[in-house]
Amino acid sequence: MDLDAITEYSALHPKPSGLILQYGTAGFRTKAEHLDHVMFRMGLLAVLRSKQTKSTIGVMVTASHNPEEDNGVKLVDPLGEMLAPSWEEHATCLANAEEQDMPRVLMDISVKAAVNLQQDAFIVIGRDTRPTSEKLSQSVIDGVTVLEGQFHDYGLVTTPQLHYMVYCRNTSGQYGEATLEGYYQKLSKAFMELTKQTLCSEDEYRSLKVDCANGIGALKLKEMEHYVSQGLSVQLFNDGTKGKLNHLCGADFVKSHQKPPQGMEMKSNEKCCSFDGDADRIVYHYLDVDGHFHLIDGDKIATLISSFLKELLLEIGESLNIGVVQTAYANGSSTRYLEEVMKVPVYCTKTGVKHLHHKAQEFDIGVYFEANGHGTVLFSKAAETKIRQLTKELEDEKRKAAAKMLENVIDLFNQAAGDAISDMLVIEAILTLKDLTIQQWDALYMDLPNRQLKVKVADRQVISTTDAERQVVTPPGLQEAINDLVKKYKLSRAFVRPSGTEDVVRVYAEADSQENADSLARAVSLAVFQLAGGVGETP
């Protein structure tokens with residue numbers, strides 16, 4: 001390790017004095033002008049991680065659903081998964097080291113993680129369409145090259161596509177070919193196979209309007225269109241030609257504002273969906289005949305997919321276990337429907353996709369979607385092997401067809417923690433196979449009215465929780481107060497949790513009517529304000 005060269009290069013990417021950033025589930029994310037030194041250092045860190053794992057590591061330059069002026073970076077581990085927690089700590093240490101300490105911190109990490117510095121390193125890099133992404137990915141390349149790592153720059157790709165590239169390279173092409181062409185072919189082949197029995201169904205089922213958040217998803221869907229055009233006709237809106245990234249459009253806007261994206265013409269009962277800026281989230285929506293907006297979020301997506309998979313498992317008669325993983329934010333109606341109607345077991349984890357992902361790995365087939373539309377289906381290696389074996393061995397035609405469908409679903413789900421394109425193809429295939437309109441899908445169950453509020457507090461750390469954030473431990477008396485308030489309303493529940501980034505407490509409440517959900521949320525907010533050191537205006 002040439003520390004002089006690193007010091008010299010680092011001076012070209014100086015750290016603003018006193019800036020402290022934390023590597024979280026989303027990697028690093030902040031205003032783009034504060035990130036040059038972080039990108040350079042993540043290039044260095046990726047090389048160390050590659051040497052340590054003797055694998056290709058990915059670096060993605062993106063801030064996902066954040067505003068256009070933000071940017072960020074996340075590292076992708078060897079099997080296309082999120083960075084290991086111990087390396088999240090290394091990333092935070094390295095990013096926050098003052099200029100003169102940075103080489104020493106780098107050496108400390110390589111010693112702590114037992115990195116063989118003689119080992120070769122290979123990094124793949126991708127970026128979203130933000131105006132700052134190209135320059136920032138060049139800073140990553142500077143970090144990679146000064147540590148003599150080799151790299152391949154994929155340029156403009158969705159975050160899930162970069163995850164795919166990493167996984168392909170580390171499985172020597174067994175998973176697929178590590179090119180965009182390979183990605184499109186793998187997904188489209190599985191989609192066309194899955195839907196081939198139904199290609200004569202009515203056109204209206206097979207057309208979809210897609211709000212691309214003025215992001216990378218638009219470019220990649222355009223490239224993919226001709227691969228799936230026989231099975232699906234997509235019409236793209238907010239394709240980046242004139243609007244700002246994620247501005248008044250995209251999955252995050254639609255979910256949080258509960259209204260249609262700007263820049264998309266929606267007629268009544270037309271099937272529409274929205275991606276986020278880096279195409280790893282998806283939500284569906286439509287307007288009914290009275291012009292009312294209906295959102296189909298991650299809960300309903302998980303319900304549709306897990307119900308379909310459960311039916312296929314029953315058809316093949318194999319005892320593979322399936323589980324759906326939710327957070328406390330999942331609507332109570334979805335949990336009840338899954339457990340009581342579909343007889344699918346549901347588990348709850350702390351908020352954050354890494355917690356859901358980890359829990360989902362415990363099942364043969366683990367399905368998880370956050371309410372915001374970020375999620376996927378994980379098949380264990382044993383389940384995948386079993387299903388692929390059954391497609392070859394089964395003689396009963398119905399069972400064989402069900403096993404083949406499961407095999408296609410396996411091929412459609414990318415290794416990433418969420419891929420809006422593959423999620424969209426699976427959803428479209430299921431709706432077509434089950435002959436469901438978007439209204440019929442929406443009517444599987446009715447969401448309970450809910451409300452989310454924020455309460456400013458002097459110190460968010462006074463709140464601690466247990467039971468996957470559904471119960472408050474401290475401050476004393478707060479959980480009892482919430483329990484008493486919940487008893488006053490029908491079909492109600494409420495929980496509070498501290499924000500991970502700012503001194504606010506997030507309040508969630510649901511009840512039998514919107515009026516009651518709002519009333520419960522306000523009452524719980526007041527209890528938080530009084531018992532947990534609220535500041536500013538009383539809720």
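Cβ atoms are placed via backbone N, Cα and C, with glycine included.
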Per TrEMBL, the range holding coiled coil, considering 44-71, 380-407, 464-491
380-407
Between the binding-site residues Pro498, Gly500, the one whose Cβ has the fewest other Cβ atoms within 10 Å is Gly500
Whole-number Å value for how far Asp276 (Mg(2+) binding site) lies from Asn372 (substrate binding site) (Cα to Cα):
10
Out of Pro498, Gly500, Arg506, the binding-site residues in the record, which is closest to Asp278 (Mg(2+) binding site) when you go by Cα distance?
Gly500
Considering Cα atoms only, can you say which of Ser64, Glu370, Gly500, Arg506 is the nearest neighbour of Asp280 (Mg(2+) binding site) among these recorded positions?
Ser64
Could you tell me which of these binding-site residues, Asp276, Asp278, Asp280, has the fewest other Cβ atoms within 10 Å of its Cβ?
Asp280
Using DSSP, break the domain 'Alpha-D-phosphohexomutase C-terminal' (472-524) down into helix, strand and coil residues and give each count.
20 helix, 16 strand, 17 coil
From Ser64, Pro498, Gly500, Arg506 (recorded positions), the ones whose CA sits within 10 A of Asp276 (Mg(2+) binding site) are Ser64
